[in-house]
Amino acid sequence: MRAREIERNCPNLWKWGIMLLGILMICSAADNLWVTVYYGVPVWKEATTTLFCASDAKSYKTEAHNIWATHACVPTDPNPQEIELENVTENFNMWRNNMVEQIHEDIISLWDQSLKPCVKLTPLCVTLNCTDESDEWMGNVTGKNVTEDIRMKNCSFNITTVVRDKTKQVHALFYRLDIVPIDNDNSTNSTNYRLINCNTSAITQACPKVSFEPIPIHYCAPAGFAILKCRDKRFNGTGPCTNVSTVQCTHGIRPVVSTQLLLNGSLAEEEIIIRSENLTNNAKIIIVQLNESVAINCTRPYKNTRQSTPIGLGQALYTTRGRTKIIGQAHCNISKEDWNKTLQRVAIKLGNLLNKTTIIFKPSSGGDAEITTHSFNCGGEFFYCNTSGLFNSTWNINNSEGANSTESDNKLITLQCRIKQIINMWQGVGKAMYAPPIEGQINCSSNITGLLLTRDGGTNNSSNETFRPGGGDMRDNWRSELYKYKVVKIEPLGVAPTKAKRRVVEREKRAIGLGAMFLGFLGAAGSTMGAASVTLTVQARQLMSGIVQQQNNLLRAIEAQQHLLQLTVWGIKQLQARILAVERYLKDQQLLGIWGCSGKLICTTTVPWNSSWSNRSLNDIWQNMTWMEWEREIDNYTGLIYRLIEESQTQQEKNEQELLELDKWASLWNWFNITQWLWYIKIFIMIVGGLIGLRIVFAVLSLVNRVRQGYSPLSFQTLLPAPREPDRPEGIEEEGGERGRDRSIRLVNGFSALIWDDLRNLCLFSYHRLRDLILIAARIVELLGRRGWEALKYLWNLLQYWSRELRNSASSLLDTIAIAVAEGTDRVIEIVRRTYRAVLNVPTRIRQGLERLLL
């Protein structure tokens, strides 16, 4: 009643209160944020993984074997994808790049594997009786120093034949650089020699059909990973890069093993680039990438003939049998103009970086032949070329002119080269290789695309700086090509706050998930989170293609090398990449399954978003941030969020299990089913609607009937006296009596009030009828209960009576049976006893009978 009084007195206050309460409820509901899982977001993290190779080996040279074993690589993509990532800045570091270590290990493995089936030259570590090669082969070559470099020794030595206790003497030609006098006797009259590496390294002869020609190798990332590429034209190898793209494979990298000069690599697109881990540290190598290549043409003008010398069962040593007349030493030619122009640009660049005015280039300061010379492979022979003619000049940065150059005025710079057959392996200490001689004349042309330099040390504060050629660590050769790449791991799972909360409904059926991550969708990496989430469907459809394509590549690679009955390092990497891709896919699908999000791109959860993880507003997150920025912000809380989602899903599944366990009562309490309740509600609404309709119809009929009888209905504003109770006195003049609170009532104030009053009366009527019905039902239940209780007591008494009667009858029956059995038993015993006595008395009766006969 007090509520109705407040409603009548303060209607506006009542309305505003209800409105304010609704607004508070809406605001409180809107402030709740929930964790939502997104699958297929463009997010990556730095990682190290197994890369596989792609190559077009068949298009270069058809041969049975090459040292790079590229026939085990997958074919290159004729239309490679490169997707530019807008608004993305990524840090690169060429000096801490695992791709360099990986290619280094792969090339070492390929070299070692190519030499495994080849002949070991351990039996050749014997005394060699050598004499100088005949002068008739020297031709027009003059000069003692030159002839000593190219002169060969004619050596004879004893080897074991097929019969191991037999030896025979054979002859072979060796380069002077490949043998040393025994007992360190360096005199020219010495005749006893040995191979140079016999006391330090194990020597293996390269197989005669193995080729050292470098073939471009593309390194590719497996599914679930991607290769980021820096496209800045002046990128120095370290630091942030603002022009980033994603590729599946690198460009074709030629595994050229060389020192001092980088051959057949990639060129800088604009100006010369100087790269060093620390330019002020003279112990660090300096890699120079040229913007214009310099041609270098090398030749061995004389021709060799090769012979096969058996050195044991199934083994042969390939040596030089003879040579044509030598018309010149092995050498390389470089255009003087092109080289000086290139060296001038390099000097200017170095001077500007080091703030020096004079740059000096000098030859190598000493060391092994591989370091002091430009060593490389030319047509199967290993050349060691003297580069003092290249690095012997001084450049003034101010006038950009060379000074104190010792070069002649010839248009070509000629580098004198020596050839060695016993090679110190660059893979490590203690390994050497014997390269069989190549028949015929040798010519090769290459392009100088880079330099490897070292800076002289000291505390010299002058304006001069001295640089020398360096090299020897093949990792620097690979860095010169891989400086712009890095491998990243795709993280397709992302979590972010949204206003959507998971609704717990019937247990969902788990769908088959989508495939593993591929690089195609990374194009949305620079977009905001809101824009990137719109393309999740397109992105996720590309995921499975990674594994499918990898499977096809693997099958093609295995098919290509199945005749070998073994896997090279590339085949092993193919298998590793395939397994890794499947593992990534299964890991992501396992997480989605644990979270109840299998087969979903956007999956809501019941985990509330904690503002301590990120207190940014929803609009700021989705409109101003990329997925990469968002992932970096919540990276420390990702593990916690994952655990909360898992716990929430576990609790939800427990609740669903308990709910499903209640279904076994459906056969007994089917009317408790929600569908049945909906049917009951529908029937109730129909009944109420029918009652309201009947009430309206009856009211209209009553009104029409009264009008026909000449009755005018009262005004809606007429106050009717309310009926009084007989024991309530009417008021007196002194107002001593008590007045009733409802002496008169106002009918209605309008049509809405009429409807409301009618509905109220109908509800009261329904309430009273339902109450009476419930009371009647309760009375009936009470009577039925009482009657039932009495019936149960009657049945119980009846059951007790009959049980007692049955018990007595059973007892009587047992007694009767016992008596009958006892009597029968006595009779049987008596019969048996009499029979027994009769049998015992038979002899007595016989004796008595005989006595009577005798008497």
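Keep in mind that glycine also has a Cβ here, set from the backbone N, Cα and C atoms.
Per Swiss-Prot, coiled coil is recorded for 632-666.
Per Swiss-Prot, the feature N-linked glycosylation site maps to Asn140 (among others); the stated evidence is sequence analysis.
Residues annotated as N-linked glycosylation site in Swiss-Prot, with sequence analysis given as evidence: Asn158 (among others). Other C-beta atoms found within 10 angstroms of the C-beta of Asn158 (N-linked glycosylation site) number 13, with every protein chain shown included.
Here the Cβ of Asn243 (N-linked glycosylation site) has 16 other Cβ atoms within 10 Å, regardless of which shown protein chain they belong to. Taken from Swiss-Prot, the feature N-linked glycosylation site covers Asn243 (among others), and the record attributes it to sequence analysis.
If you look up Swiss-Prot, you'll see Asn278 (among others) marked as N-linked glycosylation site, on the strength of sequence analysis. Asn278 (N-linked glycosylation site) falls within neither a helix nor a strand when secondary structure is assigned with DSSP, and so counts as coil. Sequence-distant neighbours of Asn278 (N-linked glycosylation site) (same chain, 6+ residues apart, CB-CB distance under 8 A): Lys284.
For Asn291 (N-linked glycosylation site), the Cβ neighbour count at a 10 Å cut-off comes to 15, with all displayed protein chains included. Taken from Swiss-Prot, the feature N-linked glycosylation site covers Asn291 (among others), and the record attributes it to sequence analysis.
Sequence annotations record features per position, and here Swiss-Prot assigns N-linked glycosylation site to Asn333 (among others). Non-local neighbourhood of Asn333 (N-linked glycosylation site): Ile296, Asn297, Cys298, Leu412, Ile413, Thr414, Leu415, each in the same chain, at least six residues away, with C-beta under 8 Å from its C-beta.
What Swiss-Prot lists as N-linked glycosylation site is Asn340 (among others). In this view, Asn340 (N-linked glycosylation site) is surrounded by 18 other Cβ atoms within 10 Å of its Cβ, with every protein chain counted.
If you draw a 10 Å sphere around the CB of Asn386 (N-linked glycosylation site), it holds 19 other CB atoms from the protein chains shown. According to Swiss-Prot, the N-linked glycosylation site annotation covers Asn386 (among others), on the basis of sequence analysis.
Long-range C-beta contacts of Asn398 (N-linked glycosylation site), restricted to its own chain and to partners at least six residues apart, with a cutoff below 8 Å, comprise Thr357. Marked as N-linked glycosylation site by Swiss-Prot: Asn398 (among others).
Non-local neighbourhood of Asn615 (N-linked glycosylation site): empty, since no residue in the same chain at least six residues away has a C-beta under 8 Å from its C-beta. What Swiss-Prot records for Asn615 (among others) is N-linked glycosylation site, and it gives sequence analysis as the kind of evidence.
Sequence-distant neighbours of Asn636 (N-linked glycosylation site) (same chain, 6+ apart, CB under 8 A from its CB) do not exist here. Here Swiss-Prot flags Asn636 (among others) as N-linked glycosylation site, drawing on sequence analysis.
What Swiss-Prot lists as N-linked glycosylation site is Asn673 (among others), and the listing cites sequence analysis.
The annotation S-palmitoyl cysteine is assigned in Swiss-Prot to Cys763 on the grounds of sequence analysis. Long-range Cβ neighbours of Cys763 (S-palmitoyl cysteine) (same chain, at least 6 residues apart, Cβ-Cβ under 8 Å): none. A helical conformation is recorded for Cys763 (S-palmitoyl cysteine) in the three-state DSSP classification.
What Swiss-Prot records for 130-154 is region 'V1', and it gives sequence analysis as the kind of evidence.
Look at Swiss-Prot and you will find 155-198 tagged as region 'V2'.
Cα of Asn386 (N-linked glycosylation site) to Cα of Asn340 (N-linked glycosylation site): a distance of 17 Å.
For the region 'V5' (462-470), the DSSP counts in helix, strand and coil order read 0 helix, 6 strand, 3 coil. For the pair Asn340 (N-linked glycosylation site) and Asn158 (N-linked glycosylation site), the C-alpha distance works out to 52 angstrom. Rounded to a whole value, the Cα-Cα separation of Asn291 (N-linked glycosylation site) and Asn243 (N-linked glycosylation site) is 20 Å.
Looking at Asn243 (N-linked glycosylation site) and Asn158 (N-linked glycosylation site), their Cα atoms lie 65 Å from each other. The secondary structure of Asn243 (N-linked glycosylation site), as reduced to three states from DSSP, is coil rather than helix or strand. DSSP classifies Asn158 (N-linked glycosylation site) as strand under the three-state reduction. In the region 'CD4-binding loop' (364-374), helix, strand and coil residues by DSSP number 4 helix, 1 strand, 6 coil.
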